[in-house]
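Here's the structure we're looking at; comments come further down.
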Amino acid sequence: MSTAPTPALQPGARTPDKLPLGVELIALAVVLPMGWLAQLIATDLSPGRAALGMLVLAAIAVLGILIARPTARLRLPAVAWVSVVGILASIPAFPWGGFVVEMVGEIDFLALSVPCLAFAGLAITTRELDIVKRSGWKLLIVGVFVLIGTFLGSAVVAHLTLGLMG
Amino acid sequence: MTSVRDVGAAWRLYVAAAVLVLVAQLIGIQQLDLGVGVIMFLPLLYAFVLGLVLNPSIVGRFQPFLKSREVAAASPLIVVAIMPFIAKFGTTIGPDIEQIIAAGPALLLQELGNLGTVILAFPLAVWLLKLGRESVGATFSVAREPSIAIVAERYGLKSPEGTGVLAVYVVGTLFGTILYSVMASFIASTGVFDIRALAMACGVGSGSMMAACSGSLAAAVPEMESTILAFAGSSNLLTYATGMYLSLFVALPAVEWMYRRWGRPEATPASAGASTGGDR
C-alpha cells in the first residue's frame, strides 16, 4: 500500500483535522474545563479534586500525542498511543500506578465523553448532509446494518470464545 | 484551525459547547423500559442532538451566533476532546490488566467479528437492495477514517465504492452514537450475552461510538462498570491497531470476491480486481 495522500483521510473537502502540535495542545487546554464542568455535575468530587483528575488525564493525553508525532509511520492514531500511555500509567505494579488510579478513579467516564459529542454535533457540515441526500435510502439502510453487523459479529465471537474458555 | 489565533477566534463555539455540556449533564441518564429490554438515553446523546440543533448548517436560525467558521473549527476539536476520555479508558485497563490478558484469546478473536459488517450487510446490499459496486465500499468495514483512506487510494472517493464508504461513514457519524447506545443497553438487558462479550463488541474503533456503547452497558449493569470499561477500551485499542489491516487484507478482498461472484454483472468493470492498485 503506497502512502495515502493526507487529503484522502478527510471525507471530501473538509478542513484538515490534523492540527499543528502547539494548536492541538492549546485546544486540549480549551476542552479540559468543559470536561471538568461535566465532572462537577456527574460526580461528588470537589472542584479541586476533579481538576486534579482532569490534569492527570490531560498529562496522559499529552504524552500520547507527543509519542504519536514521531511514530507517524506506524499509522497508529494518537488515540491509540493515549490508550497505551493510560494503560502503562495505571498498572498497579508500577510505582506511579496507585497514584494515577487514585487521581482518575472517580472521574466519570461518561461525563468525559460529553464535550466530544457536543463538538461532533456542532461539526456536522452541509457537506455531510449532502452525502446523505445523494446516497439514497438504500445505502443508509446498509449503513445501519454495517454498524449492527460489526457489533453483533464481535459479540457473538467473544461470547462463544469466553464460553469455551470457561 | 491552523494557528493559536484560530483557537481563540472560535470562542463562540466553546460557549456553545459548554452550554451543551451543562444542559446534557443536568438532564442526566434517562431510561425507557420496553418490557423486553431497557433503552438508555445518555448525556452524550443529548449533547450531540442539541449540537445539531445549534448547528447553523442544520438549523439556520442560529446563524447569527455560530457561523460556518465555527462549524469548521468544531471538526478537529472532536479528536482533541476525545483524548481525556480515551486516557480515562486506558487507566481502567491497567488495574485489570491480568483479567484482560486472561481473556486475550477472546479479545483477539472478536476482532474477526468486525467481519460481521460483510456477513450482515453485504447480502442485504447486493441481494435485497440490488445495489451495485457501492456495496463493496459500504460493507467491507465500519467505514471510519482508515477505511475512507483505503477506498480513496484504491478506487477514488468519486467512484461507486467511494460513495458507499462515505455514505456509511456519515451514517455512523450521524446515527452511530444513538444506535449503539440503544442496541447495547437493549441487548444487555435481555441477558443473552456475556456482558464482557458485549463490552468487547463496543470497541469498534470509534471513540464516540465506544462511549455510547459502553456507557449504556455500564448504565444497564452498574456493578460491572470497571470490567465493561476495561474490556471495551482494550478491544477499541486492538481495533485501532488491527482494524485497518483486517479491512485491507481480509475484508476488502473477500467482498471483492463475493461481488464478482454474486454482484450485478453489468456493474462490474473488467478492472474491478484488487490488483489494479491505486492508479484510479
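Don't overthink the numbers, they just go from 1 along the chain as shown.
Here the Cβ of each residue, glycine as well, is placed from N, Cα and C on the backbone.
TrEMBL does not curate its annotations; it predicts them automatically.
Annotated features, as they stand in TrEMBL:
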{"type": "TRANSMEM", "residues": "B:12-29", "note": "transmembrane segment"}
{"type": "TRANSMEM", "residues": "B:36-59", "note": "transmembrane segment"}
{"type": "TRANSMEM", "residues": "B:71-91", "note": "transmembrane segment"}
{"type": "TRANSMEM", "residues": "B:112-129", "note": "transmembrane segment"}
{"type": "TRANSMEM", "residues": "B:166-188", "note": "transmembrane segment"}
{"type": "TRANSMEM", "residues": "B:195-217", "note": "transmembrane segment"}
{"type": "TRANSMEM", "residues": "B:237-255", "note": "transmembrane segment"}
Result, the transmembrane segment (B:166-188) in contact with the transmembrane segment (B:71-91) (3+ CB pairs under 8 Å): no
Chain residues outside the transmembrane segment (B:12-29) and at least six past its termini with a C-beta under 8 angstroms from it: 40-44, 46-47, 50-51, 54, 65-66, 70, 73-74, 77, 219
Which of B:166-188, B:195-217, B:237-255 contacts the transmembrane segment (B:112-129) most, counting Cβ pairs under 8 Å: B:237-255
For the transmembrane segment (B:36-59), distant same-chain residues with Cβ under 8 A (at least six beyond the ends): 16-17, 20-21, 23-25, 27-30, 65-68, 70-71, 177-178, 181-182, 185-187, 189-190, 208, 211-212, 215-216, 219-220
